[in-house]
Amino acid sequence: PLLSTTTVTIDDNRERECYKPCVDGDLRLVGGNTEYEGRVEVCVSQEWSTVCRDGWDITDATVVCNQLRLSNNTGYLVRYAYDYGIGRGPIFLNDVDCSGDEERLIDCEHNEISVRDCDHFQDAGVYCSPTNGDLRLVGGDTEYEGRVEVCVSREWGTVCDDGWDITDARVVCNQLRLSNNTGYLVRHAYDYGIGRGPIFLDDVDCSGDEERLIDCEHNEISVHNCNHYHDAGVYCSPRDKSCVDGDLRLVGGDTEYEGRVEVCVSQEWGTVCDDGWDITDARVVCNQLRLSNNSKN
C-alpha cells in the first residue's frame, strides 16, 4: 500500500509536518476557523484529496457533516474554495450526488475516482451547523484553552464571567473531553481576545455534576449585564498535571499533523531550538506522537 511521507520545513519557528496513512472513505475539514467548517478532503488509497464542487449541494454537505458527527442532520453549503483556501494534490471525487441516506460521502454516486474536469479553485467545502449547547474554545494557543463560546439556535455566543469559577470551568473542560475532571480558570477576556456577536450566558452557576454548561443554572438566554471585555475563558489540563516531562505537542498548524514542536519540562511547555534540526529529529517527533507509520521521510 501507499504510505504518506513526512516533510520538514526548517525555519525560525521550526515547523514541520507529519503524515500517517488514512483509511479509505475517511473525511477531514481543512482550513476552517473551527472544527465545524472547512475544505472537504477524502481519503482514497491512503492519500488525502479534495472534492470538486460540480453539483455540490446541501444534501452532499449534510452527508459530510453527519459522517463527521458534527451536526444534527444539518449542513450548510460553502461553494467556493477561497473560503477555506485552495487545496493541493489529487482531486479524487467529482459530480458527487448524494441521496442523503449514505453514511459516508464516498458511498454517494460520483464519477470514477480521479475522473474530473476541475482544478483546486473549485474545491468543495462545508459549514456544519452545531447543535444547541455545543461548546468551542476560541483564541487559545492549543485546543485545551480559549474563550468559551456556546451554540444557541445555530449561532455562537460568548459567556459572561460574572461568577465564573473553577467549577464552571471544569464542566466546560469535561463537556469538551479535554481533561480528567480538572479545569483551570481564566478570568479575563484579554487572555484570548474579546469575542463578538451575542452574549448568551451570564451568572453561570454549575454544581459540577452537569454534563453540559448550558445545563448549569444561569440567567435567561441573552439576559446579561456584560460586554465582551467580560468574556469567560478556560484552560483545561489534559491530565491531572498540566503535562508530563517529555510530552510533546504541535502548535499552530492547520491540522493535527503539523506545527511548532513544544516539549514539557517540569510541567511547563517550551519550544525547541532548530539548531541542527533535521529529518531524523522530525521522524522521532512524528513517531512519538503516533502521527506516522515510520515511513520513509
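In case you wondered, yes, glycine gets a Cβ from its N, Cα and C as well.
All TrEMBL annotations are machine predictions without curation.
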Answer for the disulfide partner of CYS108 (TrEMBL, candidates CYS98, CYS118) is CYS98
Going by TrEMBL, the cysteine from CYS206, CYS226 that pairs with CYS216 in a disulfide is CYS206
Here the 10 Å Cβ neighbour count for CYS216 (disulfide bond) comes out at 19
Disulfide-bonded residues considered: CYS98, CYS108; fewest surrounding Cβ atoms within 10 Å belongs to CYS108
Cβ proximity for CYS206 (disulfide bond), under 8 A, sequence spacing 6+, ordered by residue number, returns THR167, ASP168, ARG170, VAL171, LEU213, CYS216, GLU217
Mean pLDDT across the domain 'SRCR' (248-297) comes out at 82
